[in-house]
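First comes the structure, then the notes that go with it.
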Amino acid sequence: MWRWVRQQLGFDPPHQSDTRTIYIANRFPQYGHYTPQKFIDNRIISSKYTVWNFVPKNLFEQFRRVANFYFLIIFLVQLMIDTPTSPVTSGLPLFFVITVTAIKQGYEDWLRHISDNEVNGAPVYVVRSGGLVTTRSKNIRVGDIVRVAKNEIFPADLVLLSSDRLDGSCHVTTASLDGETNLKTHVAVPETAVLQTVANLDTLIAVVECQQPEADLYRFMGRMTITQQMEEIVRPLGPESLLLRGARLKNTKEIFGVAVYTGMETKMALNYKSKSQKRSAVEKSMNTFLIIYLIILISEAIISTILKYTWQAEEKWDEPWYNQKTEHQRNSSKILKFISDFLAFLVLYNFIIPISLYVTVELQKFLGSFFIGWDLDLYHEESDEKAQVNTSDLNEELGQVEYVFTDKTGTLTENEMQFRECSINGTKYQEINGRLVSEGPTPDSSEGNLSYLTSLSHVNNLSHLAAGSSFRTSPENGTELIKEHDLFFKAVSLCHTVQISSVQTDSIGDGPWQSSFAPAQLEYYASSPDEKALVEAAARFGIVFVGNSGEIMEVKTLGKLERYKLLHILEFDPDRRRMSVIVQAPSGEKLLFVKGAESSILPECIGGEIEKTKIHVDEFALKGLRTLCMAYRQFTSKEYEEINRRLFEARTALQQREEKLAGVFQFIEKDLILLGATAVEDKLQDKVRETIEALRMAGIKVWVLTGDKHETAVSVSLSCGHFHRTMNILELLNQKSDSECAEKLGQLARRIREDHVIQHGLVVDGTSLSLALREHEKLFMDVCRHCSAVMCCRMAPLQKAKVIRLIKISPEKPITLAIGDGANDVSMIQEAHVGIGIMGKEGRQAARNSDYAIARFKFLSKLLFVHGHFYYIRIATLVQYFFYKNVCFITPQFLYQFYCLFSQQTLYDSVYLTLYNICFTSLPILIYSLLEQHIDPHVLQNKPTLYRDISKNRQLSMKTFLYWTTLGFSHAFIFFFGSYFLIGKDTSLLGNGQMFGNWTFGTLVFTVMVITVTAKMALETHFWTWINHLVTWGSILFYFVFSLFYGGILWPFLSSQNMYFVFIQLLSSGSAWFAIILMVFTCLFLDIVKKVFDRQFHPTNIEKAQMYSNTVAFSDEFIALQPLSRARNQLSKLSLLKQIQVSSAWTPCAVSQKEKQRVHLLEECWSE
C-alpha cells in the first residue's frame, strides 16, 4: 500500500524493463491477452508550478531558507505570547519578502506556461485510420506515424520511416539541440523507405524495439521487425535513424516517422537538466555573519532576561505599587515565565537579523546581471553575439577567480581550419598558392631544389605531368606517384561526414572539372571544421567530393566521375579517437579508409612509411598544427563477409551494444597501410596573448586543458603566451606505472626546490594524469601549486572535470573558472565554480550549460577585471552595510532596557520598526549595489594587479566584518547616549512646557539613526548619478514627510496612536535640531577622519588608483596608471592639450594644425 502511494506521488516510479516495444500505428496483436505498455503523452512541461500547488510548493521552498523560517518562528511567538511589539512588526516584512519572491517566481513560471502551451498546441499531421489528420502536438502518442514537412521542427523523437527520396534519406539540422549548424543525414531502413504515401504506410505491419529514454543525444539502440508476406525482416536502428524533437527538417520535402519517445521522455526534454546549485563565496560569508548575529541576538536576550530577574530580586522592583501582579501571575511557573520573558526579548531584538537582506541581494543580482549583456565592449560584431548571463547568482564570483581552466581549440584559437601541410608516403608537402610543394629532394627527383607538384586538377595525363611540372621522372615512377597521391586524397574525400546541399551539386556536370570552377560553387557543411578544411583541400588538388546519392558517394578525379558504394560508417568516438568508412570501389574492391589521431592510427599500421610519417607529424605539431593520420585496408570477399556479419550482430543487439561494437571496430581497424598525415592550422584568436598575460598579472593561474597531442599543445602555449621562452618547462609524459609516476613527480618537486627560477611551467598528458590522480594527488598538487602555468594534453572530457575537482577540494579552496566552446567542455564548465561558454563554431552546448557566455576569449579580461571587480565590491558593501544598519537599529533598543527595568518596553513605534528596512533605508544601498564604480573601468582593465586586492574574499574578511559591526555599535551608542544626555533629562525643551516623553525620545534616536546610516551610504559612494542623489536625499525627505503625515493625523483604522503630534513637537524644538546635527556630525566625523588618515598614510592599491585616476583623467581620455613622476609629465601635456582646444575654438583656421598637435600629444600619453 505504501509503495503504491509513493508511486502515485512520483517518489517511487514503477519498475520498467530495459526496452520498450512499439507497434507502429498502434496496431497491437489481436491474439492472446496482450497488455500494451503505457507511455506518457507528448506534453512538454518546463514549468515548476500549477494553479493548485503554487502556494504550498512556493511557501515550502521559501521557508527552507533559514532567515525566512526564523522570522516565521518569531511571528508565531508574537501571536502566542504577550510580546512588547505587535506581530505586524515581524509579519509585515516577512510577508513583503515572501510576496515579492513569490511574485517574481510566479511570473517567471507563468512565462514558462505560456511557452509550454505554445509548443504543446502547435498543429501536427498524424496518420490515423488510413488518412492524414490534423491534431495538436500534445496529442501525439507513442506509435503514431507523424508527417513533417520541410523546415518544420520534429514534434517528438521519431524513427524515420520514409522521405520524398527513393533511398529514404533526409537532412536535418540540430542547431537548437547542440548548436551544430551542419546538415546531418538520416536514413530509413530499405523496407519502409519505399512507403512514401499515406496509403502505403497504412499497410505497414512492423514493431520497433528500443532502449528506454536516455538523455544522450547521440546514442540510440533499437531494431525494427517488419512483417512482409508472412516473413519477418529484422533491421538495426541507430542514431542515424532517430529524428530528435527540436531538430529541423532541411532540403527534404517531407518525411514520415513513428513516434518512439514523447513529451518529457524525448531526448530534448531529458536534457532540460537543472544545473547543480553553485553557491558563491559571498553567500557563504553571509551565512557565517548571520550565525554570528544570531549568537549576538540570543546573547542579548539571555543577558536581558537574567538582568530582569536579578533586578526583580528586590521586592520593591518585583511588584511595585503601580504594577501589582494578579493571583495567576504570582502562582505561575517561574520556568515558564523565564522562557516567556526570553522569547519576548528575542522578539524585541529580532530586527538585528536583516530579513530584507535576502530580497535586496536577489534583486541586486537579477538587475545587475543586465549590465553584462548591455556592455558593448563584450559585443562581437562579426558574429552578432552579445554576452549572455545564464546564472545571475554568481556575478560577484567573477571577482574572486584564482584559477582559469581553458580549452584550446575554439577558445584560444579561431576554430577556422586551413590546410597547410601533409605527408604522403614519407614525403612532406605544403600548400602554396593551390599547389603542393615538396620539401627537399624526393626519391624520384634529380634536382636538390624544391620540387613542385602541380595541382592534380590540371593533370590530365602523365605526359602533361612530365612536361608541365618540375618533376623529372620516368613514366613508371610517375604513375606510382600519381597512385599514391590519388589514394591519399581519395581517403580524405571519402572518410568524413561532410554534406553538400543538393541544390548546389546540380550545376556540376560530368565533363572535365577545373579547380577554378567547383570550389566557388560547392559549399560543404561539416560538424568538424577539420573535416571541411581537408575535403576542400582535396578538391583544390583534383579529388572533388561531389556529394551523396543514397548509398553512393560521388567523387570526381581529374574531371572523371567515380561512384563509391558506402557500405558501412564506423563512427568516431573519443575512446578510439578515429573514424572509418568501408566503401566498394568502382572496380568492386572493398576498401577501408581510416582517419584519426596518430596515437590511434600508427599502432594499428603494418605498412607504409611509418617512421618518416611519425617524424613529419611531430614536426607539424611543433609548428602548432593539428594533425590527423590517414590509412587504408583492402578486404577480400571472405573477410568482408565476416565483417559484415559481425557488424550486423553488434548493431542489432539490444544489450551491451556499445561494447560489442567497440570489439568489432577493433577487429576491423587493424593491419592498416599508412597513407600519410594531414596538418591544418587553427589561428589564435585576437588578443589571446594579452588576455593571458593580464590574467597572470592579476594573480590568476592559467591551465590549458586540451585533447591535442603534446607538441601541438606546447607550440600553441608558447605562441599565445601561456608558456614563456624563459620559463622552466617541466614534463610529466608517457608514465606507464604508479611507481614510475611517483618517482617522476618526486624529481619534478626536487627540481622546483633546487632551481632558482621565478616561473615554472608543467606539461602533463592524459595517461600520466590518470596515474597521478589515482595514487599521488597530494604530490601532484604540490608540483602544480608551484607552477604558474600548466598544460594538460590528450585529455578526455571527464579528466578535465576531475582536474578542476582536485583543485577545488585542495586545502586552499581556490575559486575556479572554466572556459570552453565545445560539448566536450561541458563537464568542466559545470564542475568549476564559474563556467563560461564561448559561442563558437563547435555548437552552443557549452554556452547553454555555462553560467556566462561570451563570443571571444579576449572578453574574459573585462568580464573579470571590470564586471567581476564591481560586482564583488558592490555586494560586499551591501552585505556589510545591512548588518551595520541593523546593529545601529537594535542596539539602542537593548540599551533602553537598562532604563526601563527590562520591562520589554519598545523604544520605537511599531510602524517605524516595520518600515525601517523596507522603506527608509533600502533604496540607497540597492542603487549603490547596482551603479557603484569606485574606480574608472579603464583603470581596472588596464591595471590587472588591482584584481589581487579583492581576491580571497578580502572585503568580507572577519576583520572587515568586525570593523563594520564595531562601527554599528559605536554609532548606536552615540545615538542613544547622545540623545539621553543632550535631551533626555531636560524638561524645558518643548515650547508648551511639556517634557520629553518615551516616544519623543525614541523618535529622536530613530531620526538621528535614519539620517546617519543614509549619510554613511553617501560617504561610501564614489560614483554619483542623478539616481543616487534622488534615492539618498529622497529617502531622508520621505522619512520626514511620512512622519509628519503619520503623526499629524488621527488615523481612524489605528486602535492606538502613540505617535500623534510627537514628530511635529520634536521638530519644533531648537534643541532637538541641535542634537540631531551634533550627533550626525559626531558619528560621521570619526568615519571621515579614519578614511582621510588611511588614504594619506596607509593607502591601499585601490585607493591609490582612485586618487591617480581622479588626477590623471581628462574628459573622456584615459591614462593608464603610471608612476607619479610619469603621471605628472602626462598631466603637463594634457594641460597643454586643454589650451590647444580652447585656442582652436577661437581660431578656426588653425584647427587642423592644432588637431595634429592634439593627436601627437595623446599618442605620447598612450605610449607612455
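Glycine residues also receive a Cβ, built from the backbone N, Cα and C atoms like all the rest.
Feature annotation from TrEMBL assigns active site, 4-aspartylphosphate intermediate to Asp407. The ATP binding site annotation in TrEMBL covers Asp407, Lys408, Thr409, Glu531, Phe572, Lys595, Arg626, Thr706, Gly707, Asp708, Arg794, Lys800, Asn824, Asp825. According to TrEMBL, the feature domain 'P-type ATPase N-terminal' maps to 35-90. Per TrEMBL, domain 'P-type ATPase A' is recorded for 123-186. Sequence annotations record features per position, and here TrEMBL assigns domain 'P-type ATPase C-terminal' to 847-1100. If you look up TrEMBL, you'll see 66-81, 288-311, 342-361, 863-884, 961-983, 995-1018, 1030-1054, 1060-1086 marked as transmembrane segment.
When each of the listed stretches 66-81, 342-361, 863-884, 961-983, 995-1018 is scored by C-beta pairs under 8 angstroms to the transmembrane segment (1030-1054), 995-1018 comes out highest. Cβ atoms under 8 Å from those of the transmembrane segment (961-983) belong to residues 285, 289, 292, 880-881, 883-892, 895-896, 899, 989, 996, 1001, 1004-1005, 1008-1009, 1012-1013, 1016, 1071-1072, 1074-1075, 1078-1079, 1082-1083, 1086-1087 of the same chain, restricted to positions at least 6 beyond its ends. Under 8 Å from some Cβ of the transmembrane segment (288-311) lie the Cβ atoms of residues 66-67, 70, 317, 338, 341-342, 345-346, 348-350, 352-353, 879, 883, 886, 894, 897-898, 901-903, 961, all in the same chain and six or more residues away from its ends. Here the transmembrane segment (342-361) has long-range neighbours at 65, 67-68, 70-71, 74, 77-78, 81-85, 89-90, 93-94, 96-97, 100-101, 286, 290, 293-294, 296-298, 300-302, 304-305, 875, 878-879, 882-883, 885-887, 889-890, 893-894, 897, 904, 906, 913, 916-918, 922, 925-926, 929, meaning same-chain residues at least 6 beyond its ends whose C-beta is under 8 angstroms from one of its own. Just so you know, of the recorded positions Asp407, Arg626, the Cβ with the fewest other Cβ atoms around it within 10 Å is the one at Arg626. For Asp407 (active site, 4-aspartylphosphate intermediate), the nearest of the binding-site residues Phe572, Gly707, Arg794 in terms of C-alpha separation is Gly707. In this structure, of the binding-site residues Thr409, Phe572, Gly707, the smallest number of CB atoms within 10 A of the CB marks Phe572. With a cut-off of 8 Å between Cβ atoms, the residues of this chain six or more beyond the transmembrane segment (995-1018) that come close are 881, 884-885, 888-889, 892, 896, 905-909, 912, 916, 920-921, 924-925, 928, 971-972, 975-976, 978-980, 983-984, 986-989, 1032, 1035-1036, 1039, 1043, 1058-1059, 1062-1063, 1065-1066, 1072, 1075-1076, 1079-1080, 1083-1084, 1087. If you take every residue in the domain 'P-type ATPase C-terminal' (847-1100) and average the pLDDT, you get 85. All chains included, 21 other C-beta atoms sit within 10 angstroms of the C-beta of Arg794 (ATP binding site).
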